[in-house]
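Noted in Swiss-Prot for the protein shown:
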REGION    1-86  region 'Disordered'
COMPBIAS  38-48  compositional bias 'Polar residues'
REGION    145-183  region 'Disordered'
COMPBIAS  147-163  compositional bias 'Polar residues'
DOMAIN    213-487  domain 'Protein kinase'
BINDING   Ile219, Gly220, Ala221, Gly222, Glu223, Phe224, Gly225, Ser226, Val227, Lys242  ATP binding site
ACT_SITE  Asp340  active site, proton acceptor
COILED    490-516  coiled coil
Amino acid sequence: MRTAMSCGGGLVQRLDFSSSEEEDGLSNGINEAPQKGSPVSSWRTNNCPFPITPQRNERGLSPTQELSPSSDYSPDPSDKGAGGECPGTPLHYSTWKKLKLCDTPYTPKSLLYKTLPSPGSRVHCRGQRLLRFVAGTGAETEDPTLVNVNPFTPQSYRQTHFQPNGKRKERPEDDCSSDSQMKFTDKEHPSVFQSKRFVLRETNMESRYKTEFLEIEKIGAGEFGSVFKCVKRLDGCFYVIKRSKKPLAGSTDEQLALREVYAHAVLGHHPHVVRYYSAWAEDDHMIIQNEYCNGGSLQDLIMENNKKGQFVPEQELKEILLQVSMGLKYIHGSGLVHMDIKPSNIFICRKQTEVGEDESDGEDDVSSASVLYKIGDLGHVTSILNPQVEEGDSRFLANEILQEDYRQLPKADIFALGLTIALAAGAAPLPCNEDGWHHIRKGNLPHIPQPLTPAFLALLKLLVHPDPATRPPAASLAKNSVLRRCVGKAAELQKQLNVEKFKTAMLERELQAAKLAQDECLDLPPVSGFSCRGRKRLVGAKNARSLSFTCGGY
């Protein structure tokens, strides 16, 4: 179809297209610009008395505005034609559409082609969007190597699992995972995650604490922050949420908060260490989700006993010392030191167990089966090989730590554990300084009002020995015969075994006697008054018969 409009002898516009040419428009140069001197370049004349429409490139429309026929366009009076005589006015919709098809032939085929992704582009998968939080849009979310390095991770583990193995690992083109997934190549890779400042910052997300947890009550407070008892809305279980009191980002307490998270993550799960579930930052505050211990802390138990004038019995003291030493054995075996062992950092978990009518439970069984003592508050944890000691409570601090002698750091936990057991046994509160403090550092236990067995008392004195080399390590303390409940159980079981063996022997004797009696009944002796030859047995010997030899005079 060819159409031409004449205006004063000049050619105004020319439409030259056909339906058969639409399909070939894409391959024949969609973006080819008209050459100078072509008929298209002579669409405008200077002697046209009618208003003409300027080219789209002179308006500066965006591609979206150009493709939309319904886009509003208000002509600018300052815009004029090529000769400056006729202001530009919009064409009719049908004429505009024809011109558009002529200039850029967007056929259904070409439009479909433009909607397809380019080979180098990547389609982001939106699957499982409801299970994700929208992270912040800062620069820290774009760098895949912007992560913290856990200082408590063993060096051998880092070398084994963090370094690339030489093989190229890249995400395939059709993978729908997040863009933050790292790519390792042979030539370039991060040097085992150089520690970067991906620390406590406010994130552009809704409060996770308010969204996922229902706060029940405040159960504790300290220098670091407050502790709340909460119920998780999803699983309905109780957890402890520890939240810092003040913003930690950029403060001196920031590393202490991160140190506790690092230690929890490395230690994992142990029955005598408070379990760690998660940690995150909100408004520059650190929030840690830990296991809820329904028995409170050992400090709460000591205060309750002091009000009642009671003491923790010796058998329970042994149980506390045994279980805490097992927790310290696990911590020290992981290359870490707690550095803040005290009654307020030992927590009690009481199991809800029911005892049947036929079952009997002694004190030993009750303490071991229904009560667990766990070590918590890992804010002062440090590494044995690379110690960065942050002194804890001075009342439980060993003298060598005060002298900055870190050669036997695990023995500082043993010293603090001995004083903790002394407090649980009823000792007076420990002094913070002066003569009383130095008196204990010379190897003297504080006065314990209740009587203790000599073996247990000697063990407590050994724990606070002034020479750290003399104090027993946690591994040997957990196997000590004074503490191991299995020693008493073994003696009791051996006694029961001896009783059962005696009963079995008596039954065997009775069984043999019964067998002999049965054999005697079967083998009867011969009847008197009768002679038998050749040890023949008389028939009818057991029958009582009447024999008559009377003669009737016949």
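Yeah, the Cβs are placed from backbone N, Cα and C, and that goes for glycine too.
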Which value in Å gives the longest Cα to Cα span across the ATP site residues Ile219, Gly220, Ala221, Gly222, Glu223, Phe224, Gly225, Ser226, Val227, Lys242 as recorded?
14
How many whole Å apart are the CA atoms of Gly225 (ATP binding site) and Asp340 (active site, proton acceptor)?
16
When a 10 Å sphere is centred on the Cβ of Asp340 (active site, proton acceptor), how many other Cβ atoms does it contain?
23
Take the C-alpha atoms of Ile219 (ATP binding site) and Asp340 (active site, proton acceptor) and report the distance between them in angstrom, rounded.
20
Among Ala221, Val227, the one of these binding-site residues whose Cβ has the fewest neighbouring Cβ atoms within 10 Å:
Ala221
Where's the emptiest Cβ shell within 10 Å among the binding-site residues Ile219, Glu223, Gly225?
Glu223
Roughly how many Å lie between the Cα atoms of Asp340 (active site, proton acceptor) and Val227 (ATP binding site), rounded to a whole value?
18
Average model confidence [pLDDT] within the domain 'Protein kinase' (213-487):
87
